[in-house]
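Asker: Before we start, here is the structure in question, set down as structure tokens.
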Amino acid sequence: MKLSRRSFMKANAVAAAAAAAGLSVPGVARAVVGQQEAIKWDKAPCRFCGTGCGVLVGTQQGRVVACQGDPDAPVNRGLNCIKGYFLPKIMYGKDRLTQPLLRMKNGKYDKEGEFTPITWDQAFDVMEEKFKTALKEKGPESIGMFGSGQWTIWEGYAASKLFKAGFRSNNIDPNARHCMASAVVGFMRTFGMDEPMGCYDDIEQADAFVLWGSNMAEMHPILWSRITNRRLSNQNVTVAVLSTYQHRSFELADNGIIFTPQSDLVILNYIANYIIQNNAINQDFFSKHVNLRKGATDIGYGLRPTHPLEKAAKNPGSDASEPMSFEDYKAFVAEYTLEKTAEMTGVPKDQLEQLAQLYADPNKKVISYWTMGFNQHTRGVWANNLVYNLHLLTGKISQPGCGPFSLTGQPSACGTAREVGTFAHRLPADMVVTNEKHRDICEKKWNIPSGTIPAKIGLHAVAQDRALKDGKLNVYWTMCTNNMQAGPNINEERMPGWRDPRNFIIVSDPYPTVSALAADLILPTAMWVEKEGAYGNAERRTQFWRQQVQAPGEAKSDLWQLVQFSRRFKTEEVWPEELLAKKPELRGKTLYEVLYATPEVSKFPLSELAEDQLNDESHELGFYLQKGLFEEYAWFGRGHGHDLAPFDDYHKARGLRWPVVNGKETQWRYSEGNDPYVKAGEGYKFYGKPDGKAVIFALPFEPAAEAPDEEYDLWLSTGRVLEHWHTGSMTRRVPELHRAFPEAVLFIHPLDAKARDLRRGDKVKVVSRRGEVISIVETRGRNRPPQGLVYMPFFDAAQLVNKLTLDATDPLSKETDFKKCAVKLEKV
């Protein structure tokens, strides 16, 4: 029976109504019910942002055909955002890649050749030759990988093992460097451990919400719906929103604050001063659980050492700090008076006071939320530290309804990039490569020679671009990311290195993205439920899903690619003789045998999979690969405050928030009665620090790396929109989402447009010192910049806004500031 969509919907409604009324079902409707019953449903976390919504995935005849919010998922409680409802369509774009493609001319690889289909063996042959040549001629520092906060946990773990242990290169970094690195360093400096202490359950218990550089209405809409429900159902609840431009979150705001870019640092210090001046410090908490330190200043902007701003900095890249007294701290913040703050920020005094009163009121439970406005900031780590100051001064932390909460943008920026440690300086469970004890722990667990993991921090994301351009990094593999579009300063610092004939670039992706088309070799990748996976969301919730369909054609998961490629290398080809002498039994073995097919990883048999359960990688290898990798990885955190539950528990649950101890998850860390690591009588214990105390930092305002001047007279801020996710490589292939927002526009204040003889809908050339793009003027709509600032989303591959942005970073976190550079406009 063939049914039109309209007939299907009508019959479906008839069937539902008849069933509810206890009536017999008409024949057509019975056929629909039969079709519905043929759909197989299973759970998965959403593929998009870091909220971690649970969805039910419907599959039929080997395809994902439906998706709905999971009513049993505690995060979203059955709701999806607009992107979540269209998840099935992200995998079925017309240009889905299904076989490897190599640039070739006259039957062999050529940097200027045309993309030509090849086999996986041919792809690995070329990769093997390029990797081995680079390793032999220039050593491990000449190869690198750029990964993703969209990797599954075991993909990130496998990649980290391959590079740090196998190839002995720490030149592996995730795209989370561009979004969450400042949050990581902020957590580590203040608390000694990464990730939030609270959870989403705080929303229903809070009295006030303060958004710092976070448009949750569009970027975290499900959480925003919970905040909206809390605000509208309780007249005593307050919402404050701070941003450099007006956006949809302002619609709910009781106090909507627009401030001059970079001056959020001033506001944060003003609030600390207000708390002290109004005797609002929680003295009991403060005296027992807090230390005070003064941080180094004038630390530069993470630009090339030859840049004038770096040469002028007194303490470039310094994260040094020294103890200070309370009286000295009080004097430090006293400079940030109401009058000075209003003048520097452009915010009216009454709005500043209203905001400060929320934090100072001992009867108000306050949650601070932030995302990229704080993190993508040349002083992003400082901004994180300064908001923690407010909660530590008042004791509004680690308790229901209270706390600072860094929201994440990718589905596993926490679970993979941060917890697994796929950053160039990190190892699992907050360990770092510079710590000999940490390296020793990993080397012993992985049964590799002592000294295998390099002590030198590898190249971070922006440094990788520079090293490619300079010819120091010659073989570069990117996975699950579209950095040619998403990263900063495309013209000056990225494209030159990618197209340099000295370098060989590999991109693993499901679609021909801007990055893929700039590469030399494209590897087709399995997506989402085409593989078994695990993500970790913003509230420390680890969630699993099973493979539910097979990938099209020859597309393979990132995990398969990493593991199979490791077979191409024997230990003596990648390790020096002095290492092999320490473990001669590893001589002659492949990296596959040493890293993945070990007794530790391969001990879980295929019989642990359900009889009809898809798992392409495990069935090919003969053991349950994902379980082996996860259990080995989870060992690092157990007993150290990062406890993950046993593997099988996650397939039964809708996620669990670590630390999971004795089968119980943790909602609030660091507080007695909530955290199993805090003993009776301790009250609070920030056990990431040796003395159990968190740190309040004295850190000043410092200006942005680039600000408007007479020629480049406007601030440019970049970001996202509700309908698209990051570079749009998935969402722009969903017809409904593409139609809803088909191309990027330049949001501009009407008076700024008028002064330049521009009208809504006009084409306009946006020009910075680094490049130019053509966009379309938008003087109305959802985003309303103040005079002097324009906003442009980065999802549109036809309008590469990152040709304009500056590659200035926070010197401590190495995270790029995408929110502040100077541009001018020219009418087209």
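Backbone N, Cα and C atoms are what each Cβ position is placed from, and that goes for glycine too.
Quick caveat, the model's predicted, so the values are computed rather than measured.
Relevant sequence annotations retrieved from Swiss-Prot are reproduced here:
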type	residues	note
SIGNAL	1-31	signal peptide
DOMAIN	39-95	domain '4Fe-4S Mo/W bis-MGD-type'
BINDING	Cys46, Cys49, Cys53, Cys81	[4Fe-4S] cluster binding site
BINDING	Lys83, Gln150, Asn175, Cys179, 212-219, 243-247, 262-264, Met372, Gln376, Asn482, 508-509, Lys531, Asp558, 718-727, Asn802, Lys819	Mo-bis(molybdopterin guanine dinucleotide) binding site
BINDING	Phe794	substrate binding site
Asker: Counting across all protein chains shown, how many other Cβ atoms sit within 10 Å of the Cβ of Lys83 (Mo-bis(molybdopterin guanine dinucleotide) binding site)?
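Answerer: Here the count is 22.
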Asker: Restricting the comparison to the binding-site residues Cys46, Cys49, Cys53, Cys81, Phe794, which residue's C-alpha is spatially nearest the C-alpha of Lys531 (Mo-bis(molybdopterin guanine dinucleotide) binding site)?
Answerer: Cys46
Asker: Check the Cα-Cα distances from Gln246 (Mo-bis(molybdopterin guanine dinucleotide) binding site) to the binding-site residues Cys46, Cys49, Cys53, Cys81, Phe794 and tell me which is shortest.
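Answerer: That would be Phe794, nearest by Cα distance.
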Asker: Excluding Cys46, Cys49, Cys53, Cys81, which residues of the same chain place their Cβ within 8 Å of the centroid of the Cβ atoms of the recorded [4Fe-4S] cluster site?
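Answerer: For the [4Fe-4S] cluster site the neighbour list reads Phe48, Thr51, Gly52, Asn76, Asn80, Lys83, Gly84, Pro221, Ile222.
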Asker: My understanding is the cutoff is Cβ-Cβ under 8 Å with a sequence separation of 6 or more in the same chain; which residues meet that for His726 (Mo-bis(molybdopterin guanine dinucleotide) binding site)?
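Answerer: Long-range Cβ contacts: Gly409, Asn482, Ala486, Arg720, Phe794, Phe795.
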Asker: Out of the binding-site residues listed (Lys83, Glu218, Met372, Val721), which are within 10 Å of Cys46 ([4Fe-4S] cluster binding site), Cα to Cα?
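Answerer: Near Cys46 ([4Fe-4S] cluster binding site), where near means Cα within 10 Å, the binding-site residues are Lys83.
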Asker: For Gln246 (Mo-bis(molybdopterin guanine dinucleotide) binding site), which of the three DSSP-derived states applies: helix, strand, or coil?
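Answerer: Note: Gln246 (Mo-bis(molybdopterin guanine dinucleotide) binding site) is in a strand by DSSP.
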Asker: Work through the binding-site residues one by one (Cys49, Cys53, Cys81) and name whichever has its CA nearest to the CA of Met372 (Mo-bis(molybdopterin guanine dinucleotide) binding site).
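Answerer: Answer for the nearest of the binding-site residues: Cys49.
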Asker: Return the average pLDDT for the domain '4Fe-4S Mo/W bis-MGD-type' (39-95) as a whole number.
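Answerer: Averaged over the domain '4Fe-4S Mo/W bis-MGD-type' (39-95), the predicted model reaches a pLDDT of 96.
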Asker: Can you tell me how the residues of the domain '4Fe-4S Mo/W bis-MGD-type' (39-95) break down into helix, strand and coil by DSSP?
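Answerer: Secondary-structure composition of the domain '4Fe-4S Mo/W bis-MGD-type' (39-95): 9 helix, 20 strand, 28 coil.
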Asker: I'd like the number of other C-beta atoms within 10 A of the C-beta of Cys81 ([4Fe-4S] cluster binding site), please.
Answerer: 24
